[in-house]
Amino acid sequence: GCPWDSWC
């Protein structure tokens, strides 16, 4: 779940 996470 970008932009909150890093696994975009």
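Every residue, even glycine, has its Cβ placed from backbone N, Cα and C.
Listed in Swiss-Prot for this protein:
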DISULFID  CYS2-CYS8  disulfide bond
MOD_RES   PRO3  4-hydroxyproline
MOD_RES   TRP4  D-tryptophan
MOD_RES   CYS8  cysteine amide
Once DSSP output is merged into helix, strand and coil, CYS8 (disulfide bond) belongs to coil
Cβ-Cβ distance under 8 Å, sequence separation of 6 or more, same chain as TRP4 (D-tryptophan); the residues meeting this, in order, are none
